[in-house]
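Annotated transmembrane segment per TrEMBL: 16-36, 42-60, 67-88, 157-180, 224-247, 254-273, 279-298, 319-343, in sequence order.
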Amino acid sequence: MSPNSNSEQPTQQEQLYSLLQIVILLTVGVIAIWLIGDLMMIIFAATLTAIILKGLATIVRKHTHLAHWLALTIVLILIVGIISAVILTSGPQINEQIIKLKHALGTQVGTFRDRLHNNPLGDMIMNYLPNSIGGGSNNSNAHFTLGSRIAGSMTGFITSVFGVLGTIFVVFIAGLYFAASPNLYGNGLLRLFPGRQRPKIRKLLMVGGHALWSWTAGQSLDMLVVGICSFIGLSIIGVPLALALGFVAGMANFIPYIGAIIGAVPAVLIGFSQGNKEGILVIILYCIIQFLEGNVLSPLIQKHTVKMPPAITILSQTVFGTILGMPGLILASPLTAAILAIMDASTPKLKSDEELPPIE
């Protein structure tokens, strides 16, 4: 046996062992998500909150050289102050517009459905659609059902923010404790692994945490830009409830790709309620915003954050949304970003002769 084969044997065994570890961890993770998915989502949300708070505190420390606890206190004061200022200045207006938006969606869906039935092509399309989404015959019950469903689905994630205060409180408090003493909880987690595996697990935890912080920072900027552009564009077009619609568009953009559709549908419906011209202009506006977001803003952000393939993002949203419902859909993208970063750091890179040939 040649020396080369002896030297290659341990490397192959290590690669096989690493692959086996990944398969086992993924299997255990899928089973855990299936059995205690809701609890795991709360823990993950608390971890994400802790990473955001710690990241902001680190920024404060870089500019002030303060202790961690003092920097974290300043971050909390700033967050509470900003939220309080928004609530006092724009909160009543946003809340009032969201309530009006929910009622408007419930009524405008029926009007839009009547317009389709009055058109031969639209009537044919509606007759082929199932009753569950408003198809079939033209009747008031269908209007009510479809309008209620769309109004609930499009604004439900906003109202649910104020409806599950208990869960949000638990997530925030747990995240605050995680951020205040990250080493305490991180070291406790590392003790669950064998001694020789701890350095590698520690590295992967750091990689996952950095990926979550990068993704959240980039997505927050993306949400802010989309929300502001939507508000300005809708105001110029003359669509009512522009502030609420811009707020919905920005918040919905936390969910990549799918969120763009969720945020656009209410604005399109309200736009068509003002007239065909306004409705078409709203569609054009959101197409332009999403085109610029997908081809200009996102690539610029991803240069400094986490690059996620679109197909994997959509599939992860489908899988986690199916298993865990709305919480899974909301948290699917940051969770996938962390998983991709960890897998990239824990698996060997492909050599040039191992990669698939480029498509000509």
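The backbone N, Cα and C atoms fix where each Cβ goes, and this holds for glycine too.
Because the structure is a prediction, the values reported are computed rather than measured.
Here the transmembrane segment (42-60) has long-range neighbours at 66, 68, 71-72, 74-76, 167, 170-172, 174-179, 182, 209, 212-213, 216-217, 327, 331, 334-335, meaning same-chain residues at least 6 beyond its ends whose C-beta is under 8 angstroms from one of its own.
Beyond its flanks by at least six residues, the transmembrane segment (279-298) meets 222, 225-226, 229-230, 233-234, 237, 239, 249, 253, 260, 263-264, 267-268, 270-273 of its own chain at Cβ-Cβ distances under 8 Å. Count of Cβ pairs under 8 Å against the transmembrane segment (319-343): among 16-36, 67-88, 224-247, 254-273, the largest is for 254-273.
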